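So that you can see what the record holds, here are the features copied from Swiss-Prot:
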ACT_SITE  His117  active site, pros-phosphohistidine intermediate
BINDING   Lys11, Phe59, Arg87, Thr93, Arg104, Asn114  ATP binding site
Amino acid sequence: MAVERTLSIVKPDATRRNLTGKINARFEEAGLRIVAQKRIRLTREQAEQFYIVHAERPFYGELVSFMISGPVVVQVLEGENAVARNREIMGATNPANAAPGTIRKDFAESIEANSVHGSDSLENAATEIAYFFSGTEIVG
């Protein structure tokens with residue numbers, strides 16, 4: 001098994017409800033280490049650029065507005081098969097379809113306010129991590 005890094009974002013719905021610690025505990029209990037973390041407020045430009053792959057989708061504007069509606073916690077998670085493991089811990093994008101015990105099933109308010117973002121591939125993880133963190137900010 002390969003040790004990987006992936007990006008996680010604790011979204012505004014979760015930070016507003018002070019769930020960051022509970023979410024972090026889920027990652028750590030599953031064997032992922034948080035090797036970088038910061039609480040920030042995204043600008044509209046940052047959110048638009050980060051989610052540019054969805055620019056043509058009908059939900060893009062609402063997604064950007066939601067992501068700038070409050071603070072987020074951006075994180076780098078490290079561990080065995082971190083990308084797939086994080087996606088398993090998060091659960092399905094739509095919390096109604098998420099398995100019991102996943103972050104989205106337990107904490108999400110809706111498909112939009114679904115508490116967390118996670119990279120969907122190693123390639124995207126590398127791009128997303130570099131978007132928020134310099135190499136010196138990641139402490140393994």
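Cβ from N, Cα, C; glycine included.
Cβ neighbour count within 10 Å across all protein chains ranks Asn114 highest among the binding-site residues Phe59, Arg87, Asn114. In sequence order, Arg87, Thr93 are the binding-site residues from Phe59, Arg87, Thr93 with a C-alpha within 10 Å of the C-alpha of His117 (active site, pros-phosphohistidine intermediate).
If you draw a 10 Å sphere around the CB of Arg104 (ATP binding site), it holds 22 other CB atoms from the protein chains shown. Neighbour counts of Cβ atoms within 10 Å were taken for the recorded positions Lys11, His117; the minimum is at His117. Listed in sequence order, Arg104, Ile111, Asn114 are the same-chain residues six or more apart from Thr93 (ATP binding site) with CB atoms under 8 A from its CB. For the recorded site, the residue listed as 'active site, pros-phosphohistidine intermediate', the DSSP three-state label reads strand.
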